[in-house]
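Feature annotation from Swiss-Prot assigns repeat 'Solcar 1' to 12-110. Sequence annotations record features per position, and here Swiss-Prot assigns repeat 'Solcar 2' to 121-207. Sequence annotations record features per position, and here Swiss-Prot assigns repeat 'Solcar 3' to 214-309. If you look up Swiss-Prot, you'll see 17-35, 91-107, 127-147, 182-201, 221-237, 284-301 marked as transmembrane segment, on the strength of sequence analysis.
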Amino acid sequence: MSAGGEHLKDEGQRYQVVAAGAIAGMVSRFCVAPLDVVKIRLQLQIHSLSDPLSHKNIRGPVYKGTISTLKAIFREEGITGLWKGNIPAELLYIFYGAIQFTTYRTVTQSLHTLPPPYRLPQPAESFVSGATAGGIGTFTTYPFDLLRTRFAAQGNDKIYPSLLTAIRSIHAHEGSRGFFRGVSAAVAQIVPYMGLFFATYESVRVPISSLHLPFGSGDATAGVIASVIAKTGVFPLDLVRKRLQVQGPTRSRYIHQNIPEYNGVLSTMKMVLRDGGVRGLYRGLTVSLIKAAPASAVTMWTYERVLKILKEINQEAIQ
């Protein structure tokens, strides 16, 4: 393995990076799918948990934390309810993982070729590469993200019986723009998130690797630390994105039937602040961090292992 900042950007051929990134995303997604459904349900819940009077006229369930929400979904919708939206989410993670790692590798290699007066410090180089990879990956795969949210927000009332039905319905009633509701919040969120994630990951990986943790868990630990730091900073934009993704003609048919009508990132943020205060912007943060830590750990651990296997296979083929 390369040391320091050379680690992610120069190991493996392009097809190996694409394959490793895609497999890492797929494995990670399946492992954390139930927590993702819980997070989305909590983010779309607009009533205050501390004010029982706000529950009086609501239409839909009242979720009060990660464990109770998991139990409620399992009780009301069965085990499959915890994996709602998993098909578009798997497609999202596969394509996003492949695009993200490929773009990161390409950008960092390009930056590394700059002459000495223009070379960026290692943390800045990782930040720029991570932000670019995140922005491009988010925009190109955003329709899958929107579909994942809408399926996860469904209760027993099947708004979209299948993925193909959902695509046809959104295109027919909302047009092509319907697939990109909230995309500005997503890009605004993911650019600093991925920049912070990769910069932190590259910074802490070397010190952690010197601890010689078992089973290659140094990469996983670095991924956890990087994810928690980055996720907390940009979480309000993630909540705004989810609220915007369920706008449109089906807004009142999701599990939370009282979702307000939102228009634009700033106005949505103002409405959330007005109705729930600063805490309203961080609804679902706890489960998001619980999800983000294992998701990032599994992603980075799987990526490193798969890439290593592919390189070994390639070496054996050459010999």
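Our numbering is plain: 1 for the first residue shown, then up by one each step along the chain.
Including glycine, each Cβ sits where the backbone N, Cα and C put it.
Away from its own ends, the transmembrane segment (284-301) comes close to residues 24-25, 27-29, 31-32, 35-36, 38-40, 42-43, 65-66, 69, 97, 197, 201, 216-217, 219-224, 226-228, 231-232, 235, 238-239 of its chain (Cβ-Cβ under 8 Å, at least six residues beyond either end). Within the chain carrying the transmembrane segment (91-107), a Cβ under 8 angstroms from the stretch's Cβ atoms is held by residues 8-10, 12, 14, 17-26, 28-29, 128-130, 132-134, 136-138, 140-141, 144-145, 148, 194, 198, 299, 303, all 6 or more beyond its ends. Over the repeat 'Solcar 1' (12-110) the predicted model carries a mean pLDDT of 86.
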